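Here is the structure we will look at.
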Amino acid sequence: MSIRVIIAGFKGKMGQAACQMVLTDPDLDLVAVLDPFESESEWQDIPVFKDKADLAGFEADVWVDFTTPAVAYENTRFALENGFAPVVGTTGFTSEEIAELKEFSRAQDLGGLIAPNFALGAVLLMQFATQAAKYFPNVEIIELHHDKKKDAPSGTAIKTAELMAEVRESIQQGAADEEELIAGARGADFDGMRIHSVRLPGLVAHQEVIFGNQGEGLTLRHDSYDRISFMTGVNLGIKEVVKRHELVYGLEHLL
């Protein structure tokens, strides 16, 4: 039996890539799409909804969300309230929101996934960085994205820093008496690590984790050149959350 999928934010680039992935997978069935700014009532013979409230009681299994940070939390909670297992690629959630959604998913007996990055290579980068941080506590992150991305730093960079902080010796990176001649020149501070965000046209999603030690350096890098790189992870997420009973944060928990 096919997994019935709703895609919120289907008009965006990630939403369009997700729609094409679902439409070409015989195990998935795209039953509805959501976008508040769409003027048509159908898209490729699929019903279009402008208001998520109209989807209450709709028959579907999974809610895929590629919207905006401003509405992602409300959308995810709405999905859980209505029996849809959420697969969320929108970033910008606070740790408190994630904890609340995890608890609510358990109460609803529904699986779910919030993933800062759906590219398998990016997930591996985070795992490699976590291993390296045990031995190289001096580390900085540079994340680079297209200039339409609304949040900084990226969810992937934050997740990478969180994972490294769990195993890394907590030290302040840089000189103890350093001075920023221009505010923000050293980037954002996360547990003593620095995170730098680059936003330029022509980029998609890229991240470097740079480690330094006496006389040596180690650089880990992942590049997504096309949004199709995320679709393997989205497909995996859709097929896994219907088997689960709790929302997880990070694709690595489903691998």
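Numbering starts at 1 and runs along the chain as displayed.
Note: Cβ is positioned from N, Cα and C throughout, glycine not excepted.
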Given Swiss-Prot lists Gly9, Phe10, Lys11, Gly12, Lys13, Met14, Gly89, Thr90, Thr91, Ala115, Pro116, Asn117, Phe118 for NAD(+), the same-site residue among Asp27, Asp29, Asp35: Asp35
Over all shown protein chains, what is the count of other CB atoms within 10 A of the CB belonging to Gly9 (NAD(+) binding site)? 24
Can you tell me how far the Cα of Thr156 ((S)-2,3,4,5-tetrahydrodipicolinate binding site) sits from the Cα of Asn117 (NAD(+) binding site), in Å? 6
DSSP-derived class (H/G/I helix, E/B strand, else coil) of His145 (active site, proton donor/acceptor): strand
Neighbouring CB atoms within 10 angstroms of the CB of Thr90 (NAD(+) binding site), all protein chains considered, total 26
Using a 10 Å radius on the Cβ of Thr156 ((S)-2,3,4,5-tetrahydrodipicolinate binding site), the other Cβ atoms enclosed count 25
Lys11 (NAD(+) binding site) to Lys149 (active site, proton donor) - Cα separation in whole Å: 15
